[in-house]
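What TrEMBL says about this one:
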{"type": "TRANSMEM", "residues": "12-40", "note": "transmembrane segment"}
{"type": "TRANSMEM", "residues": "52-73", "note": "transmembrane segment"}
{"type": "TRANSMEM", "residues": "80-98", "note": "transmembrane segment"}
{"type": "TRANSMEM", "residues": "104-125", "note": "transmembrane segment"}
{"type": "TRANSMEM", "residues": "137-157", "note": "transmembrane segment"}
{"type": "TRANSMEM", "residues": "169-188", "note": "transmembrane segment"}
{"type": "TRANSMEM", "residues": "303-319", "note": "transmembrane segment"}
{"type": "TRANSMEM", "residues": "339-358", "note": "transmembrane segment"}
{"type": "TRANSMEM", "residues": "370-390", "note": "transmembrane segment"}
{"type": "TRANSMEM", "residues": "396-417", "note": "transmembrane segment"}
{"type": "TRANSMEM", "residues": "429-452", "note": "transmembrane segment"}
{"type": "TRANSMEM", "residues": "464-484", "note": "transmembrane segment"}
Amino acid sequence: MVFRKPPDGGWGWVIVVVSFFTQFLCYGSPLAVGVLYLEWLDAFGEGKGKTAWVGSLANGIGLLASPVCSICVSSFGARPVAIFSGFMVAGGLMMSSFAPNIYFLYVSYGIVVGLGCGLLYTATVTITCQYFDKRRGLALGLISTGSSVGLFIYAALQRELIELYGLDGCLLIVGALSLNILACGSLMRPLESSSSPPPEKTCVEKVPDQYFVYHEKEKTVEENISILEKGYIDEKCVNNVPDCKQESILTKNVLSSININEKDTYKKKVVEQTNFCKQLAKRKWQLYLTYWKETMVLFKNKVFSALFVAILLFDIGGFPPSLLMEDVARSANISEDDYYMPLISIIGIMTTIGKLILGILADFKWVNTLYLYVTTLLMTGVALFAIPFAKSYLTLAMLSGILGFLTGNWSIFPYVTTKTVGIEKLTHAYGILMFFAGLGNSLGPPIVGWFYDWTQEYDTAFYFSGFCVLLGGFLLLLAALPCWNACTNQSFKLPPNTYSYKVASNA
């Protein structure tokens, strides 16, 4: 497949619009799952830790399966994957409305919806990168806000639908809305070269079929030889009847020798194919070994190792508020009459603002993106420590806005990774980091929920979350100090073989 040069416009803006709405539709419910979390607690009567697994799986499984998502998009294309994933997300949401227990939700909502979101994220990013080169940063920034806007709208939408139609009706309606992903996916036209003429047939391909003596795919060697023998003898008998018998004997001798040669050719071909398979398996094994060697080279970089720990701890401690903040307000006995806006909606809109502002700051040359990222981690840790002291809607709303803004540091994380390992190793390093980010997303809410089940209050849980984020921030700050420059700024050059894949990411 031959791709044209990215047009940086034209149909590319249609791709941006449909990618924005795709992320809006697929990530809206999983990111605003905190509203559903309260209903599931009441409906199934399970512990908070066990119930929190549903939302954490939905948000973490896409990151954990990012290599698989990349392989699917590379193999089948963005449009087929987007359409198929639209069915996955819609089907998973609708199936969740019939869930008899929490374990059913682990599969229908956590795995099916989560994996569909991961595939859709990879598809939207891939098709956008194909259409944009010079304006790629702007295009990716626009589509990434779709998930944050979805969080803002779906938090209020799901609350209203639950009041009108109940939990089951809410999930059915949200699932039906997700079917609009199919329309968005159908507009993701691949950027192929339609002007290049098809390759001309070779001389062998132009020869009519009746002139072929040996058809490997259609007949065996013996069948082809018998057909040739019969046709050759019949032709001689018609033209020269007296010599028919003599020619027949001669032809049989000649064709028998051809038969032996063809069988030898078959044996040689089988041996060649066997050797080829062995060489291919050996080469693949060498590629895997080289990949792991390159990975170990990355971890020799102290800043990268600290970044790996920081992103894992940040997602363990920083993700739970977006899932549990509504339950925190209910546990603080805040009246629903005091609610002006769902806390999750505040997190969503402030995340959008944070992505834009932090992304703009990262473009200034005088701003060190690594120190900027460390600052957001330390401030997030302090905000998490303050949650147990918030006993009113106003203070929880302020903390939700601060946490939402700081969570927008996802927009500068690729910049930080590039600064740490270099552009040539970005995709390799980013894929590893996103895998552990998904692990943190999956573990964070259940851990906080288990703390509540153990202590019957959220104070200890958020002290633990704040400690995790602060620990990751201080480790990264320590590794980034100038005294480590002599060690961390060494140029670790990867071997010639490179491994790059796009990854599904959290919003």
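Cβ coordinates come from backbone N, Cα and C, glycine included.
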Test the contact criterion for the transmembrane segment (52-73) and the transmembrane segment (104-125): 3 or more CB pairs under 8 Å, pairs 6 or more apart in sequence, then answer yes or no.
yes
With the transmembrane segment (12-40) as the reference, which stretch in 104-125, 137-157, 429-452, 464-484 has the largest tally of C-beta pairs below 8 Å?
137-157
For the transmembrane segment (464-484), find every same-chain residue at least 6 residues outside the stretch whose CB is under 8 Å from a CB in it, and list them.
302-303, 305-307, 309-314, 316-318, 320-321, 370-371, 373-374, 377-378, 380-385, 444, 447-448, 451
What residues in the same chain, six or more past the boundaries of the transmembrane segment (429-452), come closer than 8 Å to it by Cβ-Cβ distance?
47-53, 55-57, 59-67, 295, 298, 304, 307-308, 311-320, 323-324, 413-414, 417, 420-421, 458, 460-462, 464-465, 501, 503-506
Can you see whether the transmembrane segment (169-188) and the transmembrane segment (370-390) are touching - at least 3 CB pairs under 8 angstroms, only pairs 6 or more apart in sequence?
no
Where, among 80-98, 339-358, 396-417, do we find the most CB pairs under 8 A to the transmembrane segment (137-157)?
339-358
For the transmembrane segment (80-98), sequence-distant contacts whose Cβ falls under 8 Å of one of its Cβ atoms, 6 or more beyond its ends:
22, 25-26, 29, 72-73, 104-105, 108-109, 112-113, 115-117, 119-120, 122-124, 167-172, 174-176, 178-179, 181-182, 184-186, 188
